[in-house]
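According to Swiss-Prot, the feature disulfide bond maps to C29-C39, C89-C204, C221-C229. Positions annotated as N-linked glycosylation site by Swiss-Prot: N145. Among the features that Swiss-Prot reports, signal peptide is placed at 1-24.
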Amino acid sequence: MQKVKVLQVCAWVLLLWRCWGVLGYPLDCKDEQGSIISCTSISLEKLLDRVIQHAELIYHVSEESCTLFEEMFVPVSMRTQQNRARNTCITKAFPIPGSKSEIQKISDKWLLHSVLMLVQSWIEPLVYLQKTLDRYDDAPDTILNKTKWVTNKLSSLEQGIVELIRKMLDEGLLAVDHQQTLTRFDVQPEVVESILRDYAVLTCFKKDAHKMEVFLKLLKCRHTDKMSCYIS
């Protein structure tokens, strides 16, 4: 068992090293000659590709981290809490479509603003998650580093989405109040409760990270292949 955990940690180190290398400077984009330029200066197509790349990696890291946390801290008998967590996610009350048919019908404007709401709503909870994970006696550094990495990349993704809204919609932003989403994180829970809560946070974030990726890919499809844009 210990050997398996060591291998898991090594795999995480390799994954994070690759992610840092790929997206070290998320809003600095290379032109055709390889020179670094501001993302505000690149084409809409390249900016959208860059944002999608961010969303893909964020989802991948969130999926792996959720699995690793589950294997290390959550007993099999308690993993059914994941289903309950999906019903109590901090973004559940947001006016964001959930079914495939609803998502297909919403406008480009709401696709972008939905992604922005999701991104902004998760930055502070993930910062808090870093603090709670730091109190775990046997939490590997890779989990802590991963949480910090995702938080930083969410901030970068937020900047990219804001720029996409300006380029594609030529308008300002919708105001989102995050305070109501943070109230449940104010109490210091007992150990088991803390594990289940952190597990719920990771599970909910993984779900929302996947939704961000799906929305952005649907948006790109609408602008490149309008006749065959379906959500799998």
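Numbering starts at 1 and runs along the chain as displayed.
Backbone N, Cα and C atoms are what each Cβ position is placed from, and that goes for glycine too.
Model, not experiment: these values are computed from the prediction.
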Nearest-integer angstrom distance between the alpha carbons (Cα) of C89 (disulfide bond) and N145 (N-linked glycosylation site): 23
For N145 (N-linked glycosylation site), the number of other Cβ atoms found within 10 Å of its own Cβ: 15
Between C204 (disulfide bond) and C229 (disulfide bond): CA-CA distance (Å): 26
N145 (N-linked glycosylation site) to C204 (disulfide bond) - Cα separation in whole Å: 19
Number of other Cβ atoms within 10 Å of the Cβ of C221 (disulfide bond) across all protein chains: 15
Alpha-carbon distance [C221 (disulfide bond); C204 (disulfide bond)] in Å: 26
Three-state secondary structure, C89 (disulfide bond) (per DSSP): coil
Position of peak Cβ density within 10 Å, selected from the disulfide-bonded residues C89, C204, C229: C204
